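Structure, as structure tokens:
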Amino acid sequence: MLGTIFNSTLVAELTKLPLQTRSISDSVLTGMDPTEVDTSNPVILFIIQLFIIIGFTQGLGWAFQFINQPRVIAEVVGGIILGPTVMGRIPHFTDHIFPKASVPFLNLVANVGLILFLFVIGVEVDINVMKKNGFACAAISVAGMVVPFGLGAAVAVPVYHTYVDTDNVSFGHFMLFIGVAMAITAFPVLCRILTSTKLLDTKVGVIVLAAGVGNDVVGWVLLALTLALVGSGTGATAVYVLLCAIAWALVLLIPVKRAFLWLVKRSGSLEHGPTPGIMTLTLLIIFTSAFMTGIIGVHPIFGGFLAGLIIPHHGGFAIAIVEKIDDLVSLLFLPIYFVLSGLSTNLGLLDTGKIWGYIILICVIGFLGKFIGCAGAALAMKYPLRESAAIGMLMSCKGLVELIVLNVGLSAGIIDARVFSMLVIVAIVLTFVTTPCTLWIYPEHKRERLHGPSAANKEKDSESVIEGNSGLGGGSGGREQTSRFLVILQKLEHLSAIMFLTQLLEAPSTVSRKPFNAAGVIDHDLKKGEFTDGSTSSTPENVLARLPTSETDGDHDISSPHTSTLSIDALKLIELTGRTHSVMQSAEKDQLLVTDDALQLFKQFGRLRGLEVTPHISIVEQDSYPQAVADYAFDLETELVILPWTVPIQGTSSELIDPSATTNTSTGLVSQFDTIFGIESSGSPIYTHFVRRVFSECNSDIALFVDRGFGSSTSFTPGSGQHIFLPFFGGPDDRLALRFVIQLCRHMNVTATIVRVEKPDQDGLEEDDSVQDESTNGGKSESVQIHQAALASNQLTVGHANSAYPETQARLASDTADNIAWTYYNTTSIPSRSKSIDDALTRISFYSTKSSTPLSYSFTCASSAIQSTTSSSTSSWRPMLIVTGRGRRGAAINHSQELNKLLADKGLNPSIGAELRKTVGDPATALILGGGAPGTASFLVMEASKK
């Protein structure tokens with residue numbers, strides 16, 4: 001009925017407007033005015049309006065993000081500015097840009113977008129989210145509806161008698177509308193606020209998201225009830241309207257939903273995403289439902305909402321549907337809708353103090369109703385005071401849904417332009433204060449996240465973990481067997497590199513396979529009389545095949561801790577954006593765990609190799625990736641975090657870094673990220689900062705696997721051996737690398753060369769002093785000084801290489817630990833050493849020397865090792881893997897002076913060298929930038945936990 005009234009009114013208005021019909025040959029060259037309305041070709045003016053709307057709202061959205069405000073605020077404010085309040089006061093602006101004759105066309109496009117947006121809101125409603133949080137979210141949702149509805153009904157009394165046409169609007173209808181407007185929560189905007197404030201992975205975020213779902217559903221039902229009552233002439237008609245709406249909802253939610261799910265499964269859309277046929281069917285269902293609710297007399301937007309409720313959430317199907325239409329709706333349709341709202345908003349009508357007094361009163365009522373109701377319910381559910389206050393603050397958000405409700409009320413005649421403008425101000429104010437007040441009530445250091453330690457006991461628990469790990473040392477002075485790993489998967493291309501490294505971790509079998517004579521057992525059973533018919537004989541021709549069995553080899557000790565089962569946790573990092581499908585991903589992690597290709601492939605690989613692989617997903621903002629890794633490592637009690645970095649060799653260059661990229665040494669200009677890896681697609685400054693922050697924030701041991709060939713198209717002969725080269729300079733990182741190389745060499749196809757390089761006694765302890773003396777006396781060349789300046793800038797992890805050992809006593813303690821580890825592994829026979837380690841040591845070559853240029857010497861050794869494996873004619877080898885300690889904290893030798901000289905001699909860009917040094921450390925940088933074969937090898941850079 002409302003649709004009929006609206007269409008008849010629209011036709012009547014259009015017939016009164018003087019419209020012009022433009023010839024198809026008209027153009028601006030012949031004097032045509034593109035802002036004139038032409039009903040036969042309205043697209044020209046529509047494009048002008050579209051450019052102004054999108055450009056203006058997106059520009060304001062970009063500005064508002066600096067004050068942590070959702071984009072909807074910018075769109076609403078932009079609409080008000082483009083309306084009669086500001087831009088409308090410019091002479092002829094409205095007549096040329098938004099003339100009345102063009103409004104119906106904008107209104108048609110906006111309402112199509114609004115139907116699709118309500119469909120997206122319906123898809124976001126996942127009842128499983130409410131089920132997971134049970135009674136608490138239901139109590140908060142109900143309290144967040146009842147209390148503000150009651151207060152809204154109370155404030156509706158003076159507003160109705162002061163500003164509403166009582167002859168045409170019933171008080172009951174007005175009271176019901178104001179109650180709904182006060183009780184509803186803007187669920188889509190709430191999701192964006194939870195994203196921007198990084199609350200989605202906290203207890204508060206989870207409970208607010210669940211309560212918002214229930215609040216959203218009930219709010220739309222109440223609004224449909226209000227419109228049904230308003231649009232019906234009598235009470236009996238309202239009942240019929242409601243019954244028809246309920247009947248259509250039941251048709252959609254039961255038979256149509258089941259049939260749609262059957263078709264989705266039949267078409268394979270659950271596994272591979274929606275097909276074009278399923279997308280076409282989905283759109284037809286949306287607009288058919290909108291048509292039905294429109295002719296019933298409710299509103300077409302409710303049809304879109306009901307259509308969203310039937311979309312299945314299995315296998316990430318709902319996320320894929322929303323991903324296909326979300327951007328079009330949010331970037332094109334909704335800004336048009338909000339500008340139309342702005343054209344209906346005239347703040348010039350709010351011209352008395354009494355009006356602004358009522359605005360303040362409604363703001364207070366709207367806020368207190370939600371805050372007291374939700375926070376009180378949370379306190380009753382035994383939530384802490386701070387968390388309860390945050391829940392109440394977040395649930396008071398209005399925003400987008402409130403504007404839709406107000407526009408529906410305006411078009412239905414429940415409120416006029418003055419009350420509409422008053423309530424728009426209320427919606428803007430309550431949405432604007434939500435983010436800053438939430439951050440003030442619930443700051444980041446007070447939050448309790450779902451993963452990682454809570455803020456209160458994080459430091460205490462970290463110390464206890466470190467103390468626990470320190471007691472795991474064996475005869476080598478440290479943990480000899482790493483059994484709990486956390487591998488990070490961000491891209492599918494990381495998978496092959498991780499698979500390669502994982503298979504090297506397989507421990508040798510402690511079980512020997514021996515033949516078993518089944519025929520002998522059967523003969524024994526025959527003698528016992530189990531078979532007496534003589535049908536079986538034991539002639540040589542009929543002897544049964546020998547079946548293999550397993551017997552424990554007496555030389556191996558199964559109870560040894562070194563044969564324990566490896567536990568590998570795979571963490572997939574997904575960026576959390578402001579888009580709807582991204583928020584849905586965060587709420588449906590369980591579905592993503594079983595549909596993510598990388599995690600499932602790695603899990604199946606682990607199952608085939610006999611490894612225990614547990615998948616995890618973390619959906620956070622990109623700048624929170626390092627903290628997510630640190631939290632999961634803590635939560636899972638990880639011993640070693642493995643970060644993959646796939647940088648394949650491309651084109652004709654064999655260098656990891658383009659040596660032709662240099663900096664003008666005469667000017668001394670240093671760019672932090674300019675041509676960081678030469679080849680644009682090879683490396684990313686963002687990823688290097690992610691790696692460096694993980695090194696800085698994670699308390700577990702960390703290994704950075706720089707893959708230069710294992711994950712590329714390079715093919716290997718089956719059974720190829722793997723050779724590892726380790727330059728050992730000393731320090732906690734090198735000791736960790738030494739023990740891990742020994743563990744890798746337990747694999748039968750892995751061999752290693754370990755070279756210990758020490759400086760002569762007079763240089764080893766006085767490196768820092770000599771460097772300082774040369775720096776103050778100007779002994780360095782200008783290019784060396786530039787490289788040192790580049791390294792000193794933008795330090796994310798540590799300030800100096802030797803910061804962990806500032807005193808001679810600590811340095812001597814580190815040297816003693818180096819000697820203990822080296823002696824333990826380099827001695828022929830030690831009774832306390834396990835047989836698995838002894839077996840691994842037979843495939844390792846140890847060498848020790850002293851050199852005043854340890855980096856150059858290790859580069860020479862690495863080149864020789866690579867040449868030996870590549871020139872071998874007796875067996876095939878994979879590309880060599882170089883393992884180094886990062887050496888950025890507590891290094892036994894300061895390589896700064898030697899590496900600065902090496903970089904300067906090669907004329908490399910100081911910015912590139914500095915970034916690489918701060919990411920992988922000096923030893924790996926020297927081997928990578930040295931050129932030749934070591935520069936193309938893969939690297940495993942290790943850093944010990946902060947103890």
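Counting begins at 1 with the first residue displayed.
Glycine residues also receive a Cβ, built from the backbone N, Cα and C atoms like all the rest.
Nobody curates TrEMBL annotations by hand; they come from automatic prediction.
The feature transmembrane segment, as given by TrEMBL for the ranges 72-90, 737-755, sits at 72-90. Here the transmembrane segment (277-296) has long-range neighbours at 2-3, 115-116, 119, 241, 244-245, 248, 252, 256, 260, 263-264, 267, 269, 302-304, 306-308, 310-311, 321, 324, meaning same-chain residues at least 6 beyond its ends whose C-beta is under 8 angstroms from one of its own.
Below 8 angstroms of C-beta separation, residues 10, 14, 37, 42, 45-46, 49, 187-188, 216, 286-287, 290, 300-309, 311, 318, 321-322, 325-326, 328-330, 332-334, 336-337, 339-340, 343, 401, 404, 580, 584 of the same chain, each at least six residues beyond the ends of the transmembrane segment (102-123), sit close to that stretch. The transmembrane segment (355-379) makes contact with the transmembrane segment (171-194): 3 or more of their CB pairs lie within 8 A, with pairs spaced 6 or more apart in sequence.
Long-range neighbours of the transmembrane segment (237-256) within the same chain, counting only residues 6 or more positions beyond its ends whose Cβ lies under 8 Å from a Cβ of the stretch, are 224-225, 228-229, 231, 285, 289, 292-293, 296-298, 302-303, 306-307, 309-310.
With a cut-off of 8 Å on Cβ pairs spaced 6 or more residues apart, the transmembrane segment (135-159) and the transmembrane segment (329-349) reach fewer than 3 such pairs and are scored as not touching. Beyond the ends of the transmembrane segment (43-65), by six or more residues, the same chain brings 34-37, 71, 73-75, 77-79, 81-82, 97-99, 102, 105-106, 109, 331-332, 335-336, 338-339 to within a C-beta distance below 8 angstroms of the stretch. Simply put, out of 171-194, 206-231, 391-414, 391-414 has the most Cβ pairs sitting under 8 Å from the transmembrane segment (420-442). Here the transmembrane segment (206-231) has Cβ contacts under 8 Å with residues 1-2, 121, 124-127, 129-130, 132-133, 136-138, 140-142, 144-145, 172-173, 176-177, 179-180, 183-185, 187, 190-191, 194, 199-200, 238, 241-242, 245, 297-299, 302, 305, 374, 378, 383, 391, 394-395, 401, 405, 408, 412-414, 450, 587 of the same chain, all six or more residues outside its ends.
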